[in-house]
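Participant: Checked TrEMBL, it gives:
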BINDING   Cys22, Cys58, Cys92  [4Fe-4S] cluster 1 binding site
BINDING   Cys167, Cys171, Cys174  [4Fe-4S] cluster 2 binding site
COILED    360-387  coiled coil
DOMAIN    13-129  domain 'MTTase N-terminal'
DOMAIN    153-380  domain 'Radical SAM core'
DOMAIN    383-445  domain 'TRAM'
Amino acid sequence: MPQAPGAAMTAQKKLYIKTYGCQMNVYDSERMAEALGAEGYVPTDRAEEADMILLNTCHIREKASEKVYSELGRLRPLKDAKPDLKVGIAGCVAQAEGTEIMARAPVVDLVVGPQSYHRLPAMERAVRGGARAVDTDFPEEDKFTELKARPKAKRGPTAFLTVQEGCDKFCAFCVVPYTRGAEVSRPADRIEAETRGLVEQGVREITLLGQNVNAWHGMEGGLGALVRRLARIEGLARIRYTTSHPNDMDDALIAAHGEEAKLMPYLHLPVQSGSDRILKAMNRKHGRDAYLALVERIRAARPDILLTSDFIVGFPGETESDFEDTLDLVRQVRYGASFSFKYSPRPGTPAAERGAQVPAEVMDERLQRLQALITELQREAQEAMVGREVEVLFEKPGRLPGQMVGKSGQLHAVHADAPESLRGEVRRVRITASGPNSLAGTLAA
Ligand code: SAH
Ligand code: SF4
Ligand code: F3S
């Protein structure tokens, strides 16, 4: 990363960031590194040589949260060996449990919630002066507006760009509305300016991010209109967005899938369960039939779109019959891939207080059955690509010499014999074989 003017005056310090959780954390970690870059920090991928370690954490399931505490245990000897080392917790665990962490873990110098990253440079200075600092406010000001403009840097062909934050949906199982706050949309002008900047630095594909990205309403026409606006940027080849809530899939966005060539034929549209009873208990605010009807409308607009979803098994009160409704929905939609999780009761969420928690062994068994079905459908979706020609954006060299890897429009990883000069280029590839997690092909003439 290039240094800000004046940074050379101070001794160079090293920053190590470990990122957990969703893509929004990945984007936030980049922005935090840039903010601290202006304070003279350069990134390192070795915790042992760092002057500051930031854990950008995730609170979504119990396992994700626990990782923070075990990581803090591992960091203690580093701090003993290097008393000047500063340790910070960012992200959703910081928001949810920051004050307790500060009280319980003396190794932690700094706790910063996801909406306060623009205050990180000032917090860093306080911490260097020997203080301990906590900021888990939901400030009025938008962190991205407050953060300095992104520095020029050489970038890869793909980038994330957060356009929306927070969630007003309050699904009964989920901590996100509490850790990320209410739904906020970044202004369209800023998003366009940032996209243009990224494209100038070599980015060909952007993924617009939000906890509920299709609830973005920074301009008339919503996300569909934003996609069309960004599609006019010369040099930008591809646009994706994630994650979408079914209730925010409006007509304009569906139409954009049919009409905007730069919008890729891929959609992550989590449904969580196929049972009306469970969807209601989850407070998802839509039923099974409405979801299936939505899928039909999306496929009518863009027949080759690849759909994926998230599922929770063992939500409190889920019966075998509810679970079979989920399997049935998965078969009906024929998802190209999906994530599935065992329900994890999260402190402060309504579902965690309910009786009828499903026994662990029942959850295990259901998860296995669901994952087997998801894998089978994924294999079928991949095998259906064999013999077809797809467009691939090449991203990096493959494992074998002379090979490059990229993504198809449907987000399949594709390997092909290709020169490294094709990095960042879109080429037609004829798919010749399907492996467990990727496709192989040859450059089309
Ligand atoms: N905003 C997105 C998803 C955010 S969290 C949406 O509405 O779909 C990512 C996924 O984690 C969710 O889709 C859900 O499947 C899973 N998840 C969230 N809370 C969970 C919990 N308490 N236990 C298990 N899985 C959970
Ligand atoms: Fe969580 Fe539901 Fe909001 Fe998604 S829509 S972030 S699952 S509360
Ligand atoms: Fe995790 Fe927070 Fe993302 S809880 S999934 S890091 S929004």
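In case you wondered, yes, glycine gets a Cβ from its N, Cα and C as well.
Note that TrEMBL annotation is computational and uncurated.
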Participant: Do you know offhand how many angstrom separate Cys22 ([4Fe-4S] cluster 1 binding site) and Cys174 ([4Fe-4S] cluster 2 binding site) by C-alpha?
Facilitator: 14
Participant: Do you know which of the binding-site residues Cys22, Cys58, Cys92, Cys167 has the most other C-beta atoms within 10 angstroms of its C-beta?
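Facilitator: Result for the most crowded candidate: Cys92.
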Participant: For Cys167 ([4Fe-4S] cluster 2 binding site) and Cys92 ([4Fe-4S] cluster 1 binding site), determine the Cα separation and express it in whole Å.
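Facilitator: A Cα-Cα distance of 13 Å.
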Participant: Could you state the whole-number distance in Å separating the C-alpha atoms of Cys58 ([4Fe-4S] cluster 1 binding site) and Cys174 ([4Fe-4S] cluster 2 binding site)?
Facilitator: 12
Participant: Other residues with Cβ within 8 Å of the Cβ centroid of Cys167, Cys171, Cys174 at the [4Fe-4S] cluster 2 site?
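Facilitator: Near the [4Fe-4S] cluster 2 site, beyond Cys167, Cys171, Cys174, sit Lys169, Phe170, Phe173, Val175, Val176, Pro177, Gln211.
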Participant: Tally every other Cβ atom lying within 10 Å of the Cβ atom of Cys171 ([4Fe-4S] cluster 2 binding site).
Facilitator: 21
Participant: Are there any residues in the same chain, six or more apart in sequence, whose C-beta is under 8 angstroms from the C-beta of Cys174 ([4Fe-4S] cluster 2 binding site), and if so which?
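Facilitator: Result: Ile60, Cys167, Arg346, Thr349.
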Participant: DSSP-wise, what's the residue breakdown of the domain 'TRAM' (383-445) into helix, strand and coil?
Facilitator: 4 helix, 34 strand, 25 coil
Participant: On the three-state reduction of DSSP, what should I expect for Cys92 ([4Fe-4S] cluster 1 binding site)?
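Facilitator: DSSP assigns Cys92 ([4Fe-4S] cluster 1 binding site) to helix.
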Participant: Mind running the binding-site residues Cys58, Cys92, Cys174 against ligand 1 and keeping the ones whose CB falls under 6 Å of it?
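Facilitator: The qualifying binding-site residues are Cys174.
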Participant: Taking a cut-off of under 6 Å between Cβ and any atom of ligand 3, tell me which of the binding-site residues Cys22, Cys167, Cys171, Cys174 pass.
Facilitator: Cys22
